[in-house]
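In what follows, a single structure is set out as structure tokens and then discussed.
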Amino acid sequence: MKRRIGSEVVHGTDGVDPGTGAISPPIYQTSTFAFKSAEQGAAIFAGTEDGYVYTRISNPTNDRLAKKMARLEGAEAGLVFASGLAAIAACVITLTKKGESFIADDTIYGGTHAMFKDVIPRFGITPIRADCSDINNTKKALNESVKWIFIETPANPTMKVIDIEAHAKLAAKSGVPLVVDNTFATPFFQRPIELGADVVMHSATKYISGHGDVVGGIVVGKKDFVHKMRESALSHMGACMSPFNAWLLLRGLKTLGVRMERHAYNAQRISEFLSTHPKISRVYYPGLSTDPFYDLAKKQMSGMGGMIAFEMKGGLKAGANLVNSVRLCTLAVSLGECDTLIEHPASMTHSTLSEEERMAVGITEGLVRVSVGIEDVNDLIEDLKEALEKA
């Protein structure tokens, strides 16, 4: 029987341990592994025999998480990292070398933007930025030096949706892989590989964890690609995930389905409330029929997720007053937690962008981002309503 995604997140690669009968997976909290003989150690190092050597390279708990995420995304294999940014850096290291370039959408997480702007060019690699919501812009950015295409959809923080299937076809025609950051949607609502993408990555800190107590990153793709990434980016760069964090993420995945359904339900209700408020000029949420990305989102996503952004008519002062006035929502960065988090992108998550860069992608001083939690939605609406009265 082919199991649906709601069952896969609970079971997936998990199962009863045949030796002990344990239902929950163990934590292999060890840095190193013993060999049965010198010959076996040599064989494992040579790659002629499977086995574990050192947790920086691989660990049974980490591998279990990677295997489950690969299965959920429909990929052949996966690899886990210490953070989402470490996962993106691993993609850069694995897919690009000095003198080469890659295309990246212009609307992405602020930390990713800072890496692409300030760090990656130091190694002779050029990120080419383009507004990939129009595929013609992506086509224009292509040249012989481009080795891969990177998109984040829905994008942080304006919820811009990019056509994955169209970009996958363009990438395949150009002979380069398409890498998709699926953090906002998760495999519960969007499966980029089924739409033709080659690689999918996540900041597992967010919805995969769901509880705000883990920092981690995940990359999934074809076996050969993952093997190359393990040898180059993970083993040699050292950004490995701790086994305990991997175990926490395995636990978090079991509730991904019910959490995402509640996040999306609450976000839909809140976005509808915000869209009629006189102090708000625009709401960014692809679940609204008035959103410019509504049709595309309905085509490639089975749910719209829990992230909302909206524009305050009063600009910076109104935005600051709002986030300072909430009582149930928490003023904090990050996202994907059970708690509702609210923040001001221009001065917080995307403060590394210049004013010109922010304005070009719609991150104005009056923009507020909300990671909608799983609380009672009526309480959340009441909290925002009261805060808006003070804004």
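Just so you know, glycine gets a Cβ as well, placed from its N, Cα and C.
Annotation comment: TrEMBL describes 1-21 as region 'Disordered'. Look at TrEMBL and you will find 77-95 tagged as transmembrane segment. Positions annotated as N6-(pyridoxal phosphate)lysine by TrEMBL: Lys206.
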Counting by DSSP secondary structure, give me helix, strand and coil numbers for the region 'Disordered' (1-21).
4 helix, 0 strand, 17 coil
What else in the chain is close to the transmembrane segment (77-95), if you only count residues 6 or more beyond its ends and a Cβ gap under 8 Å?
62, 65-67, 69-70, 102, 109, 111-112, 115, 120, 125, 147-148, 150, 177, 179, 181, 183, 199, 201-206, 215-223, 225-230, 232-234, 237, 239-242, 246, 249
Could you tell me what the rest of the chain brings near the region 'Disordered' (1-21), counting residues at least six beyond its ends with Cβ under 8 Å?
64, 67-68, 71-72, 187-188, 250, 253-257
